[in-house]
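If you check Swiss-Prot, you get these features:
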- 1-26: signal peptide (SIGNAL)
- Asn44: N-linked glycosylation site (CARBOHYD)
- Asn72: N-linked glycosylation site (CARBOHYD)
- Ser167: active site, nucleophile (ACT_SITE)
- Asn185: N-linked glycosylation site (CARBOHYD)
- Asp195: active site, charge relay system (ACT_SITE)
- His258: active site, charge relay system (ACT_SITE)
Amino acid sequence: MRKFAAIFVVFFVQCTHLYSLAQARAEPDPGVVEYLKQSCVYGNSSYINVYLYNSRFQGKNLGNQQSCQDINASLPVVFITHGFTSSAQVSTFKDLANAFVQKGHTAFIVDWSEAACTDGLPGVQFAEYNAAASNTYDIGQLMAKYTVDLMNKCKIPLNNIQYVGHSLGSHVCGFAAKHVKKLINKTMPYILALDPADPSFGSNKCGERICKSDAKRIVVFKTSILGIGENIIGHLLIVFDGGKSQPACSWYDVPCSHSESIVYATGMVSGRCQHLAVPWTAQQRINPIQWKFWRVFTSNIPAYPTSDTTNCVVLNTNVFKNDNTFEGEYHAFPDCARNLFKCRQQ
């Protein structure tokens, strides 16, 4: 039953927009037309609001303007972007921003909620997913321009700037990084992609999604069936607890598992939690006796490390360093590790 529920979620997100748009065209009701004009369906992606987090401000709304007098140019900077039907006001993003601030960063949360269909009518929002997905390109360009403007006006070097994106926000980061390269002919140093959205992107070519070449280092967390997993889009892929559903969430609550990637990142950034992980390639993740159709929803979970395990690693704040050369595909255990055994520090 749970597998069928998961299938329904994925297919509903990807397909229902077709019916809604067809109905809107066939029956041009004035109310529907007016709603669509104000919605993300019409590409309402002309602006972003940037919220500043540092030791002085806990979410100062800068709009799309710079505020160099409020920023310590010597500190590293992180841009955080949300995904579909989300916003900068969601507590998990605030927690992540504050975790970075506590570790000596300036954090910006990029709010593109209107283009992400956050304010859509209940029951209609999922039908607008593809519109939000299409808007990621324009939002990425706006984020890139803001980044370059920050560099020029506030004298912050690109090597001190990182991108973090969740779900569709991961692709926003990818498009932003591509545009930064076009604008200044330099490559972003680091992107953290938190369960990057698979629907509308998973099978795309490199130029139409976040891609390994967008930054010198890309780290990917996978926590749900909504996230890209088999297509290696980063230098380091960390799959938490099989990458389908997470222990803190009900089996049917796919959005919860999707958002747990933010929670894991926050715990690691803050230093409150470190995870043990073992190598886990695509071949190891798939049970050869399973039907191909079910492979999307099931995995071979490896055994938890013991005192005899030598081929394991410790995932901690080092994962977020630009110069960390640790690469590969790993299965991460969701609980905070109390005993590190013989696992290597990364």
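Using N, Cα and C of the backbone, Cβ positions are placed for all residues, glycine too.
Under the three-state DSSP scheme, Asn72 (N-linked glycosylation site) falls in the coil class.
Between the C-alpha atoms of His258 (active site, charge relay system) and Asp195 (active site, charge relay system), the distance comes to 6 Å. In this structure, the CA atom of Ser167 (active site, nucleophile) is 29 Å away from the CA atom of Asn72 (N-linked glycosylation site). Taking the C-alpha positions, the distance from Asn72 (N-linked glycosylation site) to Asp195 (active site, charge relay system) comes to 31 Å. In the shown protein chains, 15 other C-beta atoms lie within 10 A of the C-beta of Asn72 (N-linked glycosylation site). DSSP assigns Asn185 (N-linked glycosylation site) to coil, not to a helix or a strand. Taking the C-alpha positions, the distance from Asp195 (active site, charge relay system) to Asn185 (N-linked glycosylation site) comes to 28 Å.
Secondary structure from DSSP puts His258 (active site, charge relay system) in a helix. It is Ser167 that, of the recorded positions Ser167, Asn185, has its Cβ surrounded by the most other Cβ atoms within 10 Å. Working note on the active-site residues Asp195, His258: by count of other C-beta atoms within 10 Å of each C-beta, Asp195 ranks first.
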